[in-house]
Amino acid sequence: MLEITQNSPTIKLDEIQSIEIYVATILESCLNVYNILSCIYLISKLKSTRLMHLNLKTMLISVSVTLILFNVFRFIKSFAYFFTQAQSTVTSQLIITISNHLCVVNRFFYDSTVNVLSLTILGILLERTFATFFVRIYEKTDSSIVSRTIVIIQWIIGIIVAIAFLYMDLLKHNYWNNNRMLISCSLVYTHPEIVLTLFTSSVILFCTFTFISILLYYYNRQQFLRSNIQKLAIRYQYKENVTTLTFLVPLSTAFGLSNIVSAFLIAFMFTHIQNEGVNDQLVDNLWKIEKAYNATISVFTVFFVLICIKMHQPLWQIVVSDFRKFRSPSSSVHHFLQPKHHQSIRLMTRKGECVEALNEGDVYFKNLRDTWGK
């Protein structure tokens, strides 16, 4: 069973009560708070950024909300850990009941947010693929109904899958009404083969789509630079594709690496679960591995916010503007905040004008006037 009372004379929780776990939990809690605040800031800026299709913008906001929920409940889990570990013995049935209920609720939100996160990032990559090959249709499509429907479907699927597995485990293990304190109610202990299969498939899938995204970036860049595209709206759509793929490629790479780390950790846990069976001592022995596997999304959140802001020039300019409100332009960080133009991704118009985030509007309307004048 995945349960134990703190005053049990038969089980000594060496790993769970180790100093390494205490330090790691404190660090992750601080990281969770930072992630929550940074995602809230990102959402506020995504709403007004330029050169981003409404569908993509809505899905990125959905990812941010998902990561906020994930980090909130990771923080709550850490708080519950410190509270229970502070007790010399836990014999109060009320504390045991609350702890077990929190374990189940955290399991639900963990599984749901990971499901929604994977589906949404996959949806973003598919959205950019569609925007590339159906550019004439896509540049005319900017409906909030479509974008919201896509996000709602992703959330419904993610939540239903999480509820289905949780319901099966509740029936089998009676987590909710158990009289003993649960050490863990993670899906990896009840269905290790399914979790390993899902993460292995996810690694293959996201590695494939990352490679496809790189190809899409160069294809869109080539199409944008073509001199025979007369319709300005289509050229603008290609420009939007290039700008968004500039940060989607490293974003999908970061998520893929996160899944690779998780897959290796789950494979390690799977081997021990298959060889030893699930019991309290095994859960304690694997506690560090389980914590590392659960914390990968907390680490990914940091990279998600940084990549979205730094690699998307319009967003970066907004952040620079906000920062300058609090710091002097002559500050030592001023040079770092200046956008760096890399020759490898610099875009030029047919007349040789450099198109950057600062002047893309001027170039757009100048070309529009030239087109009308013909």
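Backbone N, Cα and C define each Cβ position, glycine as well.
As annotated by TrEMBL, domain 'G-protein coupled receptors family 1 profile' applies to 34-218.
Remote same-chain residues near the transmembrane segment (21-44) are listed as 15, 61, 64-65, 67-68, 71-72, 74-75, 78-79, 81-82, 85, 287-288, 291, 295, 298-299, 301-302, 305, 308-309 (criterion: CB distance under 8 Å, separation of at least six residues from the stretch ends). Residues annotated as transmembrane segment in TrEMBL: 21-44 (among others).
Sequence-remote contacts of a segment are chain residues at least 6 beyond its ends whose Cβ falls under 8 Å from one of its Cβ atoms, and for the transmembrane segment (56-76) they are 28-29, 31-33, 35-36, 39-40, 42-43, 46-47, 49, 102, 105-106, 109-110, 113-114, 116-117, 120-121, 123-124, 127-128, 144, 147-148, 150-151, 154-155, 244, 294-295, 297-298, 301, 304, 308. Marked as transmembrane segment by TrEMBL: 56-76 (among others).
If you look at the transmembrane segment (116-138), the same-chain residues 6 or more away from its ends with a CB under 8 A from one of its CBs are 53, 55-56, 59-60, 62-63, 66-67, 70, 150-151, 154-155, 157-159, 202, 205-206, 209, 212-213, 216, 219-220, 223, 234, 237-238, 240-241, 244-245, 248, 251-252, 255, 297. The transmembrane segment annotation in TrEMBL covers 116-138 (among others).
Sequence-distant contacts of the transmembrane segment (150-168) (same chain, six or more residues past either end, CB-CB distance under 8 Å): 55, 58-59, 62, 104, 107-108, 111-113, 115-116, 118-120, 123, 127, 187, 190-191, 194. The transmembrane segment annotation in TrEMBL covers 150-168 (among others).
Feature annotation from TrEMBL assigns transmembrane segment to 194-219 (among others).
Under the heading transmembrane segment, TrEMBL lists 245-272 (among others).
As annotated by TrEMBL, transmembrane segment applies to 292-309 (among others). Counting only same-chain residues 6+ beyond the ends of the transmembrane segment (292-309), those with a CB under 8 A from a CB of the stretch are 24, 28, 31-32, 34-35, 38-39, 41-42, 45-46, 60, 63-64, 67, 70-71, 74, 110, 113-114, 117, 186, 188, 247, 250-251, 254-255, 258-259, 261-262, 265-266, 269, 315-316, 319.
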